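Worksheet for the structure shown next.
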């Protein structure tokens with residue numbers, strides 16, 4: 001046996017690090033990533049499955065936390081001194097960058113989860129020195145423990161920062177639960193270098209679902225597109241990425257101007273003075289990064305973005321001064337000590353009007369970013385900016401509302417908000433649903449309605465298809481969508497191709513007739529919503545399909561959904577929920593950004609499904625004949641609308657040989673190996689459950705002779721889970 005080698009770093013024995021060798025993904029980079037269906041497992045959560053954050057938060061003295069935060073704002077620490085004696089601007093940036101990763105296309109990113117604590121976000125170039133902000137918060141987090149999550153505390157700190165500098169915020173809702181590991185489901189881009197921008201094509205068309213111009217930035221490059229200091233070109237980037245975060249032009253101007261009413265940027269010297277980011281820093285740094293060798297490494301020697309400006313004469317006080325400075329001077333391009341593009345008033349204008357952050361004897365001229373000047377030189381932004389400049393109260397209200405939206409956009413409906421500062425006003429971006437205002441149906445009513453639905457002439461497949469179409473819009477990322485509200489009958493969902501509008505209209509007409517008859521005759525003001533009836537129709541269909549297979553099951557159903565109206569529904573906002581692909585219905589548009597099977601995994605993750613739940617749902621929905629357009633692809637049974645495990649049995653049958661029948665290899669024929677006769681057709685989504693080793697292992701469970709009962713039970717449980725994903729009203 002060879003002698004053990006000494007480690008040059010530790011002087012100890014060289015050890016093999018578990019998981020450090022070449023991984024399966026290294027060998028097979030196109031392999032499906034099923035790990036995203038098991039992230040945030042209870043096994044990684046130190047608080048245990050019995051922990052209830054809503055209960056813990058209810059014990060929190062929010063006023064006391066806010067007072068501690070206010071005290072912290074002006075308690076400058078030697079290890080990271082506060083600019084202008086106030087940490088408020090730093091905490092605003094921290095909260096902004098926590099929430100600002102949100103994007104509308106898939107609802108991922110945002111403040112919920114406190115992901116800024118983990119890679120890659122904790123080490124993004126745009127988040128330089130926010131590690132210090134979180135360390136400043138640690139004594140407060142330590143004091144209140146699990147009564148307030150990091151995710152909530154970071155946003156609350158931003159709110160208190162604003163309030164402590166004289167701004168009246170719109171409100172605060174708690175309820176963001178921390179995650180305990182990096183989130184692998186979020187696609188941040190394909191670049192392999194920080195600040196790379198391979199995400200563009202054509203005429204600067206930004207890849208979906210991304211909402212930042214470069215890898216490692218929150219929004220835009222403050223120096224201008226690709227570092228080109230062109231304010232008008234910067235406006236195009238700003239408009240695009242802010243729209244992808246659900247912000248219109250007014251909200252965009254309000255956020256930029258409101259955020260830049262405070263604080264300064266930092267570029268005292270070249271970025272070459274900064275050490276590695278937190279995830280690459282030495283163990284002795286204890287999770288901090290960007291150690292600065294320039295001067296003292298802090299205070300006036302701080303390096304963050306590389307830009308060195310202060311926007312206004314009052315950097316720790318709410319005012320309209322950002323607009324006053326923006327419009328009062330003519331601007332000329334200059335460079336920071338770090339070599340970054342920035343703007344100063346022409347000549348010596350403005351000199352001595354802005355305080356120094358650490359030396360009361362020094363004064364400076366104000367400065368602007370290229371992206372700030374976009375608010376003056378883009379004609380649409382300029383008109384809004386001047387209106388805000390001339391109407392300070394209008395600006396303050398717009399910023400308060402936009403900040404609230406920024407920091408709460410990924411939380412879902414208002415029923416999820418916690419605490420005494422939740423605003424009473426319903427906002428359309430919260431996707432409001434009317435409160436229950438009538439007695440709910442009971443078990444006897446449910447049985448009666450099921451019988452009427454089954455006698456209506458609607459097929460099992462159509463009932464199941466419609467219920468799935470309503471519920472499967474849900475996204476666990478930003479808690480939007482779902483069956484509650486019955487928005488499937490409203491624009492835009494009623495016209496989505498995947499929902500088969502003509503068939504959908506017929507189903508809704510029949511269900512509305514059943515609803516009307518019941519509500520007209522039910523005693524005591526009892527009523528059933530269309531949202532409940534749509535879900536109940538799916539339950540009835542599945543129970544009948546199980547009965548067809550010789551099983552008696554009851555699909556769990558809890559009434560209480562309500563019907564939203566068109567005025568409560570922002571059609572443009574809901575448009576992003578339209579699926580490009582839904583493997584559960586064997587639906588896919590042309591020119592997908594990923595292979596259909598990868599789109600299935602993405603959809604399953606947004607539906608908060610595990611790999612076994614996804615697998616059993618696919619098998620069940622295929623035999624229930626719920627394909628888009630009623631195609632037979634993947635319907636591996638001669639008994640459609642009968643809830644059997646036939647899909648798995650026939651998929652894994654070695655008597656079938658599969659061959660592609662399209663150039664794009666998205667459709668396959670399964671032929672009898674002996675006779676050559678066509679048995680089945682299937683899509684990539686169907687065949688992946690026999691091809692992928694992990695999914696095949698799951699499929700085998702349900703294909704076994706003793707897997708029939710388990711298949712029925714697991715399908716019903718997974719179905720009920722999807723139908724109730726948006727029932728936040730049940731956790732009150």
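These residue numbers are counts, starting from 1, taken along the chain as shown.
Note: Cβ is positioned from N, Cα and C throughout, glycine not excepted.
Since we're looking at a predicted model, the values are computed, not measured.
Listed in Swiss-Prot for this protein:
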- 1-26: region 'Disordered' (REGION)
- 93: site 'Transition state stabilizer' (SITE)
- 97: active site, proton acceptor (ACT_SITE)
- 260: heme b binding site (BINDING)
- 344-365: region 'Disordered' (REGION)
Alpha-carbon distance [the residue listed as 'active site, proton acceptor'; residue 260 (heme b binding site)] in Å: 14
Is it possible to get the count of other C-beta atoms within 10 angstroms of the C-beta of residue 97 (active site, proton acceptor)? 22
Going along the chain, which residues six or more apart from residue 93 (site 'Transition state stabilizer') have their CB under 8 A from its CB? 130, 133, 259, 263
Among all the protein chains here, how many other CB atoms are within 10 A of the CB of the residue listed as 'heme b binding site'? 26
How does the region 'Disordered' (344-365) divide up by DSSP, counting helix, then strand, then coil residues? 0 helix, 6 strand, 16 coil
Look up the residue listed as 'heme b binding site' in the DSSP assignment and reduce it to helix, strand or coil. coil
Looking only at DSSP and grouping its letters into three states, which state does residue 93 (site 'Transition state stabilizer') belong to? helix
